[in-house]
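Input: a single structure, listed below in C-alpha cells.
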Amino acid sequence: MLKLIVKNGYVIDPSQNLEGEFDILVENGKIKKIDKNILVPEAEIIDAKGLIVCPGFIDIHVHLRDPGQTYKEDIESGSRCAVAGGFTTIVCMPNTNPPIDNTTVVNYILQKSKSVGLCRVLPTGTITKGRKGKEIADFYSLKEAGCVAFTDDGSPVMDSSVMRKALELASQLGVPIMDHCEDDKLAYGVINEGEVSALLGLSSRAPEAEEIQIARDGILAQRTGGHVHIQHVSTKLSLEIIEFFKEKGVKITCEVNPNHLLFTEREVLNSGANARVNPPLRKKEDRLALIEGVKRGIIDCFATDHAPHQTFEKELVEFAMPGIIGLQTALPSALELYRKGIISLKKLIEMFTINPARIIGVDLGTLKLGSPADITIFDPNKEWILNEETNLSKSRNTPLWGKVLKGKVIYTIKDGKMVYKD
C-alpha cells in the first residue's frame, strides 16, 4: 500500500465546510483519513507547517494548442504550468487544429495527457463541426469519448437556432454549453471601446457584443432547460443580466478571468499587445463590478483562459493574437482579493475547486473520504517573479511578466502522487 501523510497544514475544504489544522492520510491515491496527529510508521511525510492545504485546483478554461499549434504550447508544457499553479485538473478548449469535433482528437488528447502523467486533462468538444457555427457536432459520440462540455470557444455561435439545438442536446446529456459571448458584428476590433481605443486610434470591441449574447443565451437556456456557462464575463451589465437569470432559476453559471479582476483597458498603455485579450480588458467600473460579483457569489468560479502565443505573434497591438497565459499566475492574482479583505481564503479556494467541479459535473474538488487524493499546498505569502527561470510555458504573453507576485504553490499532489514541488 502506498501511503502519504500531509502533516501540520492548515486545511481548507469548502466542499465539507472544513477548516483548521489537520493531517491528511492518503492511501493508494485516495483520501483515507483527515484528523489531528495521524501516525502511520511506514507512510511518506510532507510537512505543510505554515502552509494552506486544500483540494486540487480545477481550471475549466485552458488552451493547450495541441494538436496543431504546439510551438505555442502542448499538452506536456501546459500540464507542467498547470501543476506549478496548483491545478490537478484542467479542461482544454477545442479550438485546436484539427478541432475537437471528432473522437479521434479526443482520444489523442486523453492518451497523450495520460502519457505525460501530470494533471488530469478533460477535453471539451466543439458545438459545431469545424467551429463554423452551422452544423451541430456529434455530441453523443464526443461525450462517450470523454468530453465534459461543448463550446466553440474563441468564436461565438451566431445562429440562435443552432445554439438552441445545442442547449437541447446538452441538456439531454447532462453537460454544459460553455459560451463565448461576443457578437462578431460588434466585436471585430482590437481592444475595448473607450478612451484608450480612441487615444490609440485602434478599432474596438463594444461591451454590448458580450451583453447581447448573454441575454440571448440566457433566454434560450430558460426555454430549453439547458445549462449555459458564460465564459470570461467582463462587463458590469453582463453580470446584471446573469444575476437576472439566476434569480429566475435558469441553469446559468459564469467564470471570471483573474486578468479582468486585476487590470483595466489602460493596461494596454503599459503592456501593449500582452494586454490584448478577448473579451478585452474593460473600464474601471467593470473591473470593480466583477470584483463585487465574486464577493456576492454571482460569479461561480475563476478560470484562467490560459492562451499562449509566441512573442512574434504579440509584437503590435493591432495585429497581435489575443490572449494571456495564466495557469501559473492565477493563484497570486486571486490572492489580491483576499489580501484586500474582499473575499476569504475559503471563498477563494471554493472558486478554484468545488465550484468548477460542479459546473462540469465531476466528483472532484473535494477532500472527502474516498475521493481522489488531489491536493494543492500553497504559501499565500511567498513572493516570486515570473521570468525565464520560473515560467514553464512555451510562451510568455502576460502583463505580469517580470512582476513580483505574492502567493506560491509549494506542492501539488494528483491521485496521491506528487507532481510538483517548488
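Backbone N, Cα and C define each Cβ position, glycine as well.
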Same-site residue for Zn(2+) (record: Swiss-Prot; known: His61, His63, Asp153; options: Asp286, Asp300, Asp305): Asp305
Per Swiss-Prot, His63, Leu64, Arg65, Asn95, His309, Pro322, Gly323 bind substrate; matching candidate in Asn37, Asn274, Asn278, Asn355: Asn278
Among Pro322, Gly323, the most crowded of the binding-site residues [Cβ within 10 Å]: Gly323
C-alpha spacing of His61 (Zn(2+) binding site) relative to Pro322 (substrate binding site), in angstrom: 15
Distance, Asn278 (substrate binding site) to His63 (Zn(2+) binding site) (CA atoms, angstrom): 13
Same-chain residues at least 6 apart in sequence whose Cβ lies under 8 Å from His61 (Zn(2+) binding site): Val91, Met93, Asp153, Met178, Gln231, His232, Glu255, Asn257, Ala303, Thr304, Asp305, His306
Protein Cβ atoms within 10 Å of Arg65 (substrate binding site), excluding its own: 26
